[in-house]
Amino acid sequence: MAKKALIEKSNRKPKYAVRGYTRCQRCGRSRSVYRVFGLCRVCLRQMAHRGELPGITKSSW
């Protein structure tokens, strides 16, 4: 889990647009965040396994 201060800091509008970065909406993780879902890879995987994301299925071939 990310520190509350870092989550609050990321919610503020940066002085320069380049400084903005994405965080997971669920846990606050800053790395490996999928923009389409707004989730990190860990949360995305957990929610997909539980069937909480419509249209997402585990691939098998």
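Glycine residues also receive a Cβ, built from the backbone N, Cα and C atoms like all the rest.
Feature annotations, courtesy of Swiss-Prot:
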BINDING   Cys24, Cys27, Cys40, Cys43  Zn(2+) binding site
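There are 14 other CB atoms within 10 A of the CB of Cys27 (Zn(2+) binding site), with all protein chains counted. Just so you know, the Cβ of Cys24 (Zn(2+) binding site) picks up 23 other Cβ atoms within 10 Å once every protein chain is counted. In sequence order, Arg23, Gln25, Arg26, Gly28, Arg29, Val33, Leu39, Arg41, Val42, Leu44 are the same-chain residues whose CB sits within 8 A of the CB centroid of Cys24, Cys27, Cys40, Cys43, the residues recorded for Zn(2+) being left out. A strand conformation is recorded for Cys40 (Zn(2+) binding site) in the three-state DSSP classification. Other C-beta atoms found within 10 angstroms of the C-beta of Cys40 (Zn(2+) binding site) number 22, with every protein chain shown included.
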